[in-house]
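Worksheet for the structure shown next.
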């Protein structure tokens, strides 16, 4: 949140804005000191140099944001790329972009819960449960695929409602409610799957197609990248114009252009890589749309503001008239719904819903992805982009290990170490923020 | 200088189990008046404030708002009437910026759905300017502000809803010399804007600096209402400690009450 809109130069305040007051109005300190800018004040300089100074100041004061995960990603890719050239091939990276979607979707929901400073340990089981709901309805009972899809997602929302009610209304710690859920929903999934234990998807259903569709035309990937860049540039310019009109600090044109250029480089690089192989996977596109939309919800809507407020100071939020229970319940519903969606993508990936769906280390990977990506475990700080970045880190490690032919044993240890490193960074950053007066 | 009575408490009593926290409290707040509420620990200041703010309900007595008796069941009721309370712990969200905190719970919206960040930032600056509050930027998180700056932000937040009475609970308790002066300036600016202010403080210097009227509570009862111009610190302190609990001061206090 901090400094999202840095001030390009501190503008002096108009003298006449001061209250005139009565005869005995003392008007002391303020009057003579009008626009004297506090020398301790940090005002970002304009231009590229200002960027670098601001960036450095943020790093040293512990506002790391996504910087560590980006560094980690570069290191991981460099290491695996040097070990085996096929890691950085268009084919592997394209596959990777599809494989991270399931875990990433679940991690998106986890980000919301983490922002409250809570945890949801049931996401793995819920993802398996909802995949089973879809598979059994669509395949075993021949229900319309859309109805089955909506039922699965609604099932996720319902799970969230139940857990949220227990947490927000009854007051059971989220940790315990969702731990019980982890077990209970897994049992329900086994019940639904029945004796056979595995239901294979038809391969032609909506969920399978969502995962496996790849737009082969060159224009698809480039077009999406271009659309994203144009959208970003347009909204930035619009924002600048509104801010100018309102007389509040705004980003300069160079500022906007530099950001747009950075986005364009990343966007077109991804598009180029994808086009080198089969093209733009629909799953990736859906995932990015979810990330952008949910980020918008968090940053630009009153609801998102409430989520952050609860993560910052529950008592303060309550006194500000925020319905704390409602926000908590809806956040758990969002989390479980995203778990359901992630579960569907995971089922599509292996073309079946089975007794092992949602098990294994999926739960830990999803939470790890959110935390590795830079969302704080302590609540109130984070972004949906951390789900994407974190899922990418975990996916990259798994993919690289597989290419190297390393066993699960080594994979688990490395992923565990990365998660520990992420939490250590989070804790250290928090401590630095405190000493730098930013937490 | 002071106008008509905005808020009046008539015979407010409150019990907590076996403890009689408040007994027959009378208090009046006029527009453009700073009423200091003083008393030792356990005198009932906090209980009284919570009653006005709607956190507690009185067992007996009437709260009058602009001459009409009103019922304040919830904090929201008090806010709707126009009573804003700044608690001692400020209740700010450290991770949100100044604008986010000022408008928390009553954000401005565009299209009924999206936050109007530009509009809120503009109004925040206007509000802070009108109170001569100096903040490095309205876009930095509360965590990076000093104690005094947080206090003024909390007070400014209370003013977003255009209240008529502002209750400040120990606003200078944790502040240094300079910051205390800034907050006291702010209190005087609130008075100049024709707001009624209830200031709770242990600090006699602060009370004597800004209050128009000093209401003393002792053991849950009124122990004198003093006009600042015709009193001195010793008199108030003796009322707080009870050293003057004799016929003369009681008579004097009655005389003060009769003037209204």
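Note: Cβ is positioned from N, Cα and C throughout, glycine not excepted.
Annotations in TrEMBL come from automatic prediction, not curation.
Listed in TrEMBL for this protein:
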- A:1-25: region 'Disordered' (REGION)
- A:64-84: transmembrane segment (TRANSMEM)
- A:96-116: transmembrane segment (TRANSMEM)
- A:123-140: transmembrane segment (TRANSMEM)
- A:146-167: transmembrane segment (TRANSMEM)
- A:174-194: transmembrane segment (TRANSMEM)
- A:214-235: transmembrane segment (TRANSMEM)
- A:256-274: transmembrane segment (TRANSMEM)
- A:280-298: transmembrane segment (TRANSMEM)
- A:326-350: transmembrane segment (TRANSMEM)
- A:362-378: transmembrane segment (TRANSMEM)
- A:385-403: transmembrane segment (TRANSMEM)
- A:409-429: transmembrane segment (TRANSMEM)
Folded-back contacts onto the transmembrane segment (A:64-84), same chain, C-beta under 8 angstroms, at least six residues removed: 58, 372-374, 383, 385-386, 389-390, 392-393, 396-397, 399-400, 403-404, 418, 421-422, 425, 429
Long-range neighbours of the transmembrane segment (A:214-235), counting only residues six or more past its ends (CB under 8 A): 256, 259-260, 263-264, 267-268, 270-272, 274-275, 278-282, 285
Stretch with greatest number of CB pairs under 8 Å, the transmembrane segment (A:146-167) reference, A:256-274, A:326-350, A:362-378, A:385-403 candidates: A:326-350
Feature contact check the transmembrane segment (A:123-140) with the transmembrane segment (A:362-378), CB under 8 Å, 3 or more pairs: yes
Paired segments the transmembrane segment (A:123-140) and the transmembrane segment (A:409-429) in contact, 3+ CB pairs under 8 A: no
Top partner of the transmembrane segment (A:409-429) among A:174-194, A:326-350, A:385-403 - counted as Cβ pairs under 8 Å: A:385-403
Contacting positions for the transmembrane segment (A:256-274) when only residues 6+ beyond its ends and CB under 8 Å are counted: 48, 51, 90, 93-94, 97, 221-222, 224-226, 228-229, 232-233, 236-237, 240, 280-281, 284
